[in-house]
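Have a look at the structure below, then the notes.
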Amino acid sequence: MLGQSPFQYGEQSGVMAKQYYATSSLVIGYALCSSLLSIINKYAVTKFSYPGLLTALQYLTSAAGVWILGKLGFLNHDPFNLETAKKFAPAALVFYLAIFTNTNLLCHANVDTFIVFRSLTPLLVAIADTTFRKQPCPSKFTFLSLVVILGGAVGYVMTDSAFSLTAYSWALAYLVTITTEMVYIKHIVTNLGLNTWGFVLYNNLLSLMLAPIFWFVTGEHKSVFAAIGSRGEGWFQLDAFVAVALSCVFGLLISFFGFAARRAVSATAFTVTGVVNKFLTVAINVMIWDKHATAFGLVCLLFTIVGGVLYQQSVTRKGNTAAQRGLVPEQPKEGNAGLEFDEEKQSLVSSTK
């Protein structure tokens with residue numbers, strides 16, 4: 001380049017190359033964690049049939065991991081205090097319910113069913129926004145994308161050979177709780193001004209405090225104590241330990257890679273990566289075992305994912321148009337960017353959204 005010595009040009013090229021590889025590593029790490037997370041959770045609840053205890057261990061790992069890494073200086077999080085915890089409590093409760101229903105759904109259904117119901121959330125969010133928050137009706141493009149999502153979901157349910165009332169009851173409960181979180185809870189967290197790791201710490205620590213209540217409400221504590229006393233099958237086995245450990249570790253990793261990748265790439269690139277992750281999840285799930293939908297069910301599942309892509313494009317287009325007209329306020333600071341995280345991909349730490 002003109003005005004630069006070969007040494008300066010080479011130095012700049014080296015810096016750019018390092019930045020490229022660092023960004024690529026973050027995106028690849030996020031893609032792997034995100035695409036494998038639901039499958040690992042399914043494997044964990046298959047080998048370790050105590051969903052309440054499993055989620056508590058996940059919360060403990062994530063909260064302790066953030067606190068330890070903060071002490072070591074690898075990340076910065078907001079300090080934990082009682083006043084902020086009180087304000088955050090409603091968000092933590094809804095988050096806990098979302099993860100609790102998510103885990104129980106995976107106990108009784110396959111990963112494909114989970115993805116289908118997770119993909120239905122834009123439809124319910126659009127209805128809730130229009131009905132309760134008096135938001136404008138969706139545009140034609142947005143409405144079309146919602147119809148595609150709904151059509152794919154209906155087709156999947158009608159052909160689901162593993163249909164059971166228990167599984168779909170948990171699916172509906174999950175759908176209600178995650179929609180509630182997306183519509184009503186996010187603004188509570190945003191207004192508290194927590195940074196991303198502060199959000200992870202409060203979410204997981206408060207959820208860990210709620211865990212014993214649900215153990216006793218569901219009666220799971222009796223099964224856990226009985227298994228400990230009798231050293232029951234599946235409690236001390238190596239494969240159960242590995243499954244739980246992977247689930248906990250990936251819960252923390254998805255938080256790190258997700259937040260870091262969101263800062264390193266554009267919002268569009270991050271969204272595209274999220275869509276690719278869904279396809280990877282479906283592909284891996286089909287290849288590794290027989291706990292998946294029929295061929296037609298998989299086609300319907302892909303329709304719901306495509307509908308989600310169209311929905312993202314319609315929302316992005318609408319946002320860009322409003323921004324060009326000066327109608328959109330300044331974007332939130334980077335510290336709150338993680339709140340836009342997809343909960344499904346952060347389902348152990350939540351993974352925000």
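Each Cβ is built from the backbone N, Cα and C atoms, and glycine gets one as well.
Curation plays no part in TrEMBL annotations; they are all automatic predictions.
Taken from TrEMBL, the feature transmembrane segment applies to 20-40 (among others).
Feature annotation from TrEMBL assigns domain 'Sugar phosphate transporter' to 32-311.
TrEMBL lists 52-70 (among others) with the feature transmembrane segment.
Annotated transmembrane segment per TrEMBL: 90-111 (among others), in sequence order.
What TrEMBL lists as transmembrane segment is 141-159 (among others). Sequence-distant contacts of the transmembrane segment (141-159) (same chain, six or more residues past either end, CB-CB distance under 8 Å): 112-113, 116-117, 119-120, 122-123, 126, 168, 293-294, 296-297, 299-311, 313-315, 317-318.
Panel annotation: around the transmembrane segment (165-185), residues 90-91, 94-95, 97-98, 101-102, 104-105, 107-109, 113-114, 117-118, 120-121, 124-125, 128-129, 132-133, 157, 343, 353 of the same chain, lying at least six beyond its termini, place a Cβ under 8 Å from a Cβ of the stretch. Feature annotation from TrEMBL assigns transmembrane segment to 165-185 (among others).
Sequence-distant contacts of the transmembrane segment (197-218) (same chain, six or more residues past either end, CB-CB distance under 8 Å): 52-53, 55-56, 59-60, 62-63, 66-67, 70, 75-78, 80, 84-85, 88-89, 91-93, 95-96, 99-100, 189, 224, 255, 259, 338-339, 349-350. Among the features that TrEMBL reports, transmembrane segment is placed at 197-218 (among others).
As annotated by TrEMBL, transmembrane segment applies to 238-260 (among others).
The transmembrane segment feature in TrEMBL is assigned to 267-288 (among others).
Under the heading transmembrane segment, TrEMBL lists 294-311 (among others).
Annotated region 'Disordered' per TrEMBL: 322-353, in sequence order.
Through the fold, the transmembrane segment (294-311) approaches residues 112, 115-116, 119-120, 122, 141-142, 144-156, 159-161, 275, 278-279, 282, 286 of its own chain, all at least 6 residues removed from its boundaries and within a Cβ separation under 8 Å.
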